[in-house]
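Copied over from Swiss-Prot, here are the features:
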- Cys135, Cys140, Cys176, Cys180: [2Fe-2S] cluster binding site (BINDING)
- Lys61: N6-acetyllysine (MOD_RES)
- Tyr193: phosphotyrosine (MOD_RES)
- 213-249: region 'Disordered' (REGION)
- 1-32: transit peptide (TRANSIT)
Amino acid sequence: MFFSAALRARAAGLTAQWGRHVRNLHKTAMQNGAGGALFVHRDTPENNPDTPFDFTPENYKRIEAIVKNYPEGHKAAAVLPVLDLAQRQNGWLPISAMNKVAEVLQVPPMRVYEVATFYTMYNRKPVGKYHIQVCTTTPCMLRNSDSILEAIQKKLGIKVGETTPDKLFTLIEVECLGACVNAPMVQINDNYYEDLTAKDIEEIIDELKAGKIPKPGPRSGRFSCEPAGGLTSLTEPPKGPGFGVQAGL
């Protein structure tokens, strides 16, 4: 009994000590509306079952092509790509768009809701033209992603989870985007911008404001994800076909 109490006391002390350094892992979904507060939908004037939404004729053709990728009778497997298509058409996913996806794929609406509320890539509230997603998990944090986040907030005059008054930029924090070797990095719409400094992200924002699309990828001079100090192997052009093969072969 005493041992358990001691453990609980120690755990409480560690929590208090480190709590100010630990980010709330659930808040990403809360901030970008991917799940909304407690993943609950509440009708609003701009987001309710009567909000106008229908796929364009071109997108109906795309849906037909998507569904053909899956076995007959398994349209439900296409929920993710068709939700993505709806979001790309509309900019975000109102409940009416989810209902349309369910109708087109002939699945219960709940099967669509559970997907749309699970993945943070689906936006359940409007976002700006440029959706800035800053990775702040461990590798990026160790590479000073906080300075990138602060630079964006200062440059745009908004906080995490907010959109600029001109509807041009929305800023959120996200969990790992899978480009840890190029930390710190951000995703803006579909593009990755890596090996960033505060100055880099300010320049990227300036280009976007000017109507340009900055070149994606590392900003440090690296081609891809090779070692920052230069190649340590495969430093010469590859040999041609047959190199090193025994003469008898």
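Every residue gets a Cβ built from N, Cα and C, even glycine.
Note that the structure is predicted; figures quoted are calculated from it, not measured.
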Additional residues around [2Fe-2S] cluster, ordered along the sequence, whose Cβ is within 8 Å of the centroid of Cys135, Cys140, Cys176, Cys180: Thr136, Thr137, Thr138, Pro139, Ser145, Glu175, Leu177, Gly178, Ala179, Ala183, Pro184, Met185
Cβ-based isolation winner (fewest other Cβ atoms within 10 Å) among the binding-site residues Cys135, Cys140, Cys176, Cys180: Cys176
Tally of DSSP helical, extended and coil residues in the region 'Disordered' (213-249): 0 helix, 2 strand, 35 coil
DSSP state at Cys135 ([2Fe-2S] cluster binding site), helix/strand/coil: strand
Cα separation, Tyr193 (phosphotyrosine) to Cys140 ([2Fe-2S] cluster binding site) (Å, whole number): 12
Candidate with the highest Cβ count within 10 Å, taken from the modified residues Lys61, Tyr193: Tyr193
Conformational class of Cys176 ([2Fe-2S] cluster binding site) under the three-state DSSP mapping: coil
